[in-house]
There are 2 protein chains.
Amino acid sequence: MDDIRFAVLGTGGIGRRTLEVSQHKDGLTAVAACDRNGVAVDHDGLDVGELLEATEGNIASGPDEASDSTPATPTDDYASDGGAAAVEGGGVKQHGDEAGIVASSQGEPTETPIDDIIAESDTIDAVLLALPNLEHDFIPRVAERFAEADYEGVLIDVLKRSRVIGMLDDREDLLKESGITFVCGAGATPGFLTGAAALAAQSFVEVEEVEIWWGVGLKSGYEDNRGTVREDIAHLDGYDIEQAREMSEEEIEALIDDHDGVLEFHDMEHADDVLLERAGICDAEDVHVGGVLDVRSDEKPTTTTVSVTGTTFDGETGTNTFELDDATSMEANVNGPALGYLKAGVRNNRAGHYGVFGPADLMPGF
Amino acid sequence: MDDIRFAVLGTGGIGRRTLEVSQHKDGLTAVAACDRNGVAVDHDGLDVGELLEATEGNIASGPDEASDSTPATPTDDYASDGGAAAVEGGGVKQHGDEAGIVASSQGEPTETPIDDIIAESDTIDAVLLALPNLEHDFIPRVAERFAEADYEGVLIDVLKRSRVIGMLDDREDLLKESGITFVCGAGATPGFLTGAAALAAQSFVEVEEVEIWWGVGLKSGYEDNRGTVREDIAHLDGYDIEQAREMSEEEIEALIDDHDGVLEFHDMEHADDVLLERAGICDAEDVHVGGVLDVRSDEKPTTTTVSVTGTTFDGETGTNTFELDDATSMEANVNGPALGYLKAGVRNNRAGHYGVFGPADLMPGF
């Protein structure tokens, strides 16, 4: 496949790490990036090293801390690497006019960063939307803007909110007309893990259950991911989103103390179910997502595992499993797959496959 | 994706099971099949049930025994589901003129089964080559015949011989000119397991090692897989292919007795290494394949596992793993993935991607 020229909207944790990881991948050239105050465009390829270095100090808590490098807990309300904190500023956290991408020698200030990227998009094959999506329809509305400008290429997000997928589906005609291949939920979960589920399902002619179980250690990232933790609380037994939103900081701290810092989640609302159903792997109701968040340790409290149980053509029942090593950070598990799915998206786009695709749709025709 | 119309060359174990499993998959219509004596073609879709039932009794050892349903041990010299016994006759084992596919009401006798399928191939999207490949270049030569007839579509095999891939590569220009997408090694191994390795590698920016470890229980299939067992012996410490070929049946039995029926293999020659390297996952020399064959039990003596060890972008080293349940038969693990890769092949073919592809090449752009 020819070289892929891609852009990143948002240079928060996800955007920055995508730029970083892309340097390790063949055939990927970063040509544009933006945050809320600026854009950097070089069609011959950005100097990613300079860009990351120049903007690094602008991140409030530094690269080793939460907003940049610590995974959020999975939640249906935030990006899957995730956490509001990581993307809240629409990119690098700001410290004055010169902060963010304009601190790079490649950065130019602008009032209209997204429009500026759209204006350059003729020669851009793929755009990673690493933007905050605090309003549910923000990402879908950005996609609309690209479609209205007749962008032909890939848009990709790492969100995990089921409802965003529906909103993208609502706009599918517009995306198709423009020639856009939208890959949604392409991070660790649903992306990586639903891809694994689609693969593991290949032993079976009938899949009975998919269980996705994650572990996240969030000690050093806790302060910057309070918003995410609050959202996760909505998934605890006896809580809902409304209750979680109304809790005071003190109430949340008390709750966490009650649980000794370890929160366990079952039957989370997660796009994995919708995405596996649309890929024809199993019924959405047979997909279960849960996990354990430890806010007092950076060690994962449990091993991230995908278990797929099904029946073979010869009548046996079995469970295939996919396990991620505890040493692999959630960031590593977001950005590698995201770039892989981005490549797959481009392959599909060049083949004229437009519309909305989940990660499992991009697996080998399963 | 539109419906896929496919043909199967060879109605031995692999061919028959592919037809059977395809009935469980959406969007796949079997329109042609052949064995050495006959062809069955119906562009509206074969009656697969009738075909399988009518030909079932023609299999020497019956459907519950080795030639049809028991996996061969992995070896670089046989098909990956494999075993000479399953495919030796070029399809169903023959018992007289009326045996094999002509026993089906859909079958017609012919002297030129492959040419007959080629003559019908204009409306066939994909052809599974479930033929014996006792001569190394037989499958490549069949591919040549399709190319010479200007076939435009997918050819797919489930072999695992590294050297066959080289022979296909040698013919790549011819395949491309014709418009053929050749997917090689798309069974359990290398197919399923290298796909899993390509996925598991996504946490890492550098893969250090891929270990593929298989278990096969072959008690009820032993008699019909003696040839395969002999080939496997070539992989034992202290043996090579020449020695294994020259051993008498008694010597082999004595060797098996010495090992109490359980043979363990390390560093096997297997196409997995070549296929992972060409997909850009790791160097071929970092791929290790081995396993355990138990000829006195149908239980798997060890769990089939893929372990991928690598380094993440943030400098951690870890091992992701993919495990197949012991209850899943090798047949289940061949035919599901084979049909998945067949679908992926068609998607690529329709997009104008011609040439030779390994399974891992069809994963999402990793």
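A Cβ is built for glycine as well, from the same backbone N, Cα and C atoms used for every other residue.
Unlike curated records, TrEMBL annotations are generated automatically.
According to TrEMBL, the protein has these features:
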- B:Gly10, B:Thr11, B:Gly12, B:Gly13, B:Ile14, B:Gly227, B:Thr228: NAD(+) binding site (BINDING)
- B:56-91: region 'Disordered' (REGION)
- B:Lys160: allysine (MOD_RES)
- B:Lys160: active site, nucleophile (ACT_SITE)
- B:His235: active site, proton donor and proton acceptor (ACT_SITE)
Rounded to the nearest Å, what's the C-alpha distance separating B:Thr228 (NAD(+) binding site) and the residue listed as 'active site, proton donor and proton acceptor'? Just drop the number here, would you?
11
Other C-beta atoms that fall within 10 angstroms of the C-beta of B:Thr228 (NAD(+) binding site):
28
Looking at NAD(+) and its recorded binding residues B:Gly10, B:Thr11, B:Gly12, B:Gly13, B:Ile14, B:Gly227, B:Thr228, figure out the farthest C-alpha pair and report it in angstrom, whole number.
20
Please work out the number of neighbouring Cβ atoms within 10 Å of the Cβ of B:Gly227 (NAD(+) binding site), leaving out its own Cβ.
17
Would you mind pulling the DSSP three-state label for B:Gly13 (NAD(+) binding site)?
helix
In whole Å, how far is B:Lys160 (allysine) from B:Thr11 (NAD(+) binding site) when you measure between their Cα atoms?
19
With every protein chain in view, what's the tally of Cβ atoms within 10 Å of the Cβ of B:Gly13 (NAD(+) binding site), excluding that atom itself?
32
Within 10 A of the CB of B:Lys160 (allysine), the number of other CB atoms across every chain shown is 31
How many neighbouring Cβ atoms, not counting its own, are there within 10 Å of the Cβ of B:Gly10 (NAD(+) binding site)?
28
Can you tell me how far the Cα of the residue listed as 'allysine' sits from the Cα of B:Gly10 (NAD(+) binding site), in Å?
17
Can you grab the distance from B:Gly10 (NAD(+) binding site) over to the residue listed as 'active site, proton donor and proton acceptor'? Cα atoms, rounded to a whole Å.
28
Specify the nearest of the binding-site residues B:Gly12, B:Gly13, B:Ile14, B:Gly227 to the residue listed as 'active site, proton donor and proton acceptor', where nearness means the distance between Cα atoms.
B:Gly227
